[in-house]
Amino acid sequence: MDITRTELASLGEFGLINHINSRFSLQNPESIKGIGDDAAVIAQDATHYTLLSTDMLVEGVHFDLSYTPLPHLGFKAVAVNVSDIAAMYGIPKQIVIGLAVSNRFSVEAIDAFYEGVKAACDTFKVDLIGGDTTSSRSGLVISISVVGVTEHDKVVYRNTAKPTDIVCVTGDLGAAYLGLQVLEREKQVYMQDPSMQPELTGREYILQRQLRPSARMDIIHELREMSVVPTAMIDVSDGVASDILHICKQSNVGVALFEDKIPIDATAYDTALELKLDPITCALNGGEDYELLFTIQQSDYEKIKNHADISLIGYIQEAAKGNELVTKSGNRIALQAQGWVHF
Ligand code: ADP
Ligand code: MG
């Protein structure tokens with residue numbers, strides 16, 4: 001009898017995915033790309049690929065209903081899926097929604113959740129085409145899968161970055177993490193003294209980044225109009241440090257990121273200092289930004305350089321040079337991923 005027991009914590013989330021992946025190989029020629037990117041890629045016709053991705057949100061792990069409005073949760077659940085299609089340079093088309101819900105919920109609560117789903121469907125022009133509903137004895141579980149489409153020559157993977165490519169990121173980083181820290185702090189205060197009113201004014205931006213993030217389909221449409229096809233791309237779900245390292249590892253390259261180029265919103269910056277956190281660490285490792293992190297060829301630099309919502313934060317280098325963060329004082333230190341620990 002085999003009595004070996006390996007703790008999930010010993011593998012971590014990415015180790016577990018690699019472990020699962022190592023036991024499977026693709027059998028169908030229509031399966032173009034399996035495990036390992038933001039979405040799977042499936043043959044569709046002579047010119048197009050179908051993209052497929054799934055993401056799950058679990059109450060108590062990914063969201064806390066004591067401070068999460070249900071319409072925001074519905075919007076976010078769709079947006080995080082759409083973000084994975086964006087990260088392939090794809091256009092989202094359809095979603096299906098699996099819900100496990102307890103009798104704690106009323107019809108009105110479900111309606112509120114679907115109000116947010118509908119807002120996201122309208123924003124991203126996706127159709128809700130099905131799903132599954134079941135009861136839950138613990139919390140709310142939301143599982144959404146999204147189908148998208150892209151042209152054969154316009155699918156962008158994580159494993160195709162090349163030395164000298166420029167590293168770009170959209171929007172700003174770390175605000176969603178700091179929004180969460182503020183919500184958690186105010187929850188603790190309220191639980192100790194329910195007469196206390198939460199101090200959230202002035203922090204609307206970072207709270208919205210946590211509670212109702214969007215997906216950067218606007219950027220995908222703009223890049224398509226400018227005929228800029230990134231050389232590699234991922235969406236920032238775990239933190240830019242962790243996510244650039246996915247690109248580097250899979251592309252077999254190294255990277256240099258410049259600390260002073262990392263985009264941080266002013267409210268996020270001030271909130272970090274107030275909470276005695278390092279703003280740069282929050283921006284690099286916070287996660288849940290749902291911005292796009294991509295690499296472009298130097299020849300596309302002119303098209304991108306003046307874009308108000310795209311920051312050029314570093315460059316790809318040979319793997320032998322490693323993964324580096326160039327600090328404000330010019331020191332080169334190892335870029336490390338803290339990311340999220342799930343187990
Ligand atoms: P993302 O953050 O972009 O959603 P993940 O880190 O969740 O990506 O997943 C990375 C890759 O691993 C994806 O290709 C995903 O489909 C695959 N994956 C994740 N969990 C599993 C699982 N339990 N079984 C098979 N594949 C998985
Ligand atoms: Mg992703």
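The backbone N, Cα and C atoms fix where each Cβ goes, glycine too.
Checking the candidates Asp45, Asp64, Asp84 against TrEMBL: the one annotated together with Asp38, Ser53 at the Mg(2+) 4 site is Asp84. Under DSSP, Asp235 (Mg(2+) 3 binding site) is assigned to a strand (E or B) in the three-state scheme. When the Cα atoms are compared, Gly131 (ATP binding site) and Thr54 (Mg(2+) 1 binding site) turn out to be 12 Å apart.
Relative to Asp84 (Mg(2+) 4 binding site), the binding-site residues with Cα atoms inside 10 Å are Asp55, the candidates having been Asp55, Tyr114, Asp132. Listed in sequence order, the binding-site residues among Tyr114, Arg158, Ser237, Glu288 whose CB lies under 6 angstroms from an atom of ligand 1 come out as Ser237. Closest to Thr54 (Mg(2+) 1 binding site) in space, going by CA atoms and restricting to the binding-site residues Arg158, Ser237, Glu288, is Ser237. Counting neighbouring Cβ atoms within 10 Å of each of the binding-site residues (His62, Arg158), the lowest count belongs to His62.
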